[in-house]
């Protein structure tokens, strides 16, 4: 920030309201979000945290991007705040990931070994910061790409103690794919378990009563007005309500703690109202020989089943979104041919290395039919390069010394020697991936309006249901509608309650 201020002032413009505070950025994967109301309430919870300047939570990506003052808070406190709000969180990245390399260390057994490697790396040219993890035997190194790179850092580790230690590039596993696969399977299994009870319940409630004489046995009275059909519906609905539907209770608890009402609150209220009213109908049927109340057991179970089907389809759609991003990243090749030059610029040898180990100013050899590994400038050779994945242009573009090439494009027919200018997250392909992720995290103006509406949606529904109940109860007490509207064995209060619950469901 100081350098930016000085540069602007050197250009002849005064800088006012200059803030000395540092701003750090971290990206987190969020688990357990059910709807836009969840992302909205989590954003509010993060913004209330001391030191947080800006927080954006994306429901589609299930990620959060948080800008914070590192002098006041850190990523661990942010994760704690997210967990207090009832969601899970994993750190994806913190700080500037552009010039950061993760290494797996071998031959390290003690804190002394770690300290030896750390002090040696910190003294190396271009290394800005080193973090060591003895438990995992890993090192994270921040570096200046103008002076060093991942390959030089690995070589530096292997120089310590005359080659006693070895280092290799550590690529964190793609947790998102594993978690999404687990989430898809989880929702599918929950939906199938719910269907195991809901489908027979639907048949006993809606199908068999319409097919006499097949459904006549459902009307057999066990005691007073308590029938076989009512007992079966009660038994089949209970596991769906309290075992399959447990996730809605947990989601409601966390949402209400944050003083917000999300989809879980609405589902829990609607299904509970239907279920417990039906229990009341069952108990009254046991104690009365004239009561003919209508239960809502099938409504409660089918509602939970439909919502789980919706969630299953939603996580499938989310999986396709992240698959598209992964395929975009995979356009770059995994390996490249690095040329080792002597002091006079003559080629000494060729080495096949991982694309992630390419450093700025490396000379890469690209033969016909190979993909360009990084962005660079052609220094020797002539060829045609297919750049359709970037430009959409189907015609291959002629390349000669001095021309730029883009990582991920296909070399058609000639051999090219390319000097790397942009590596890692600086390449055009990486920038496109970052733009797509940023676009998915950002909200369109219409979505912001929808999110604001969602905050008041649940209270509005509850209020509407309450007004409906009053709208039937008061005319009933006054005597506006005729008494024969009320079913046998039911009173005005129960009739009004039925209408209120119907609106809520």
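Placed from the backbone N, Cα and C atoms, the Cβ positions cover glycine too.
Checking the ranges 170-190, 191-211, 317-337 against TrEMBL, the transmembrane segment annotation falls on 191-211. It is 295-313, from the ranges 143-161, 295-313, 352-370, that TrEMBL records as transmembrane segment. Within the listed segments 113-134, 223-244, 377-398, 399-420, TrEMBL records transmembrane segment for the stretch 223-244. If you look at the transmembrane segment (191-211), the same-chain residues 6 or more away from its ends with a CB under 8 A from one of its CBs are 218-219, 229, 232-233, 236-237, 239-240, 243-244, 297-298, 301-302, 304-305, 308-309, 312.
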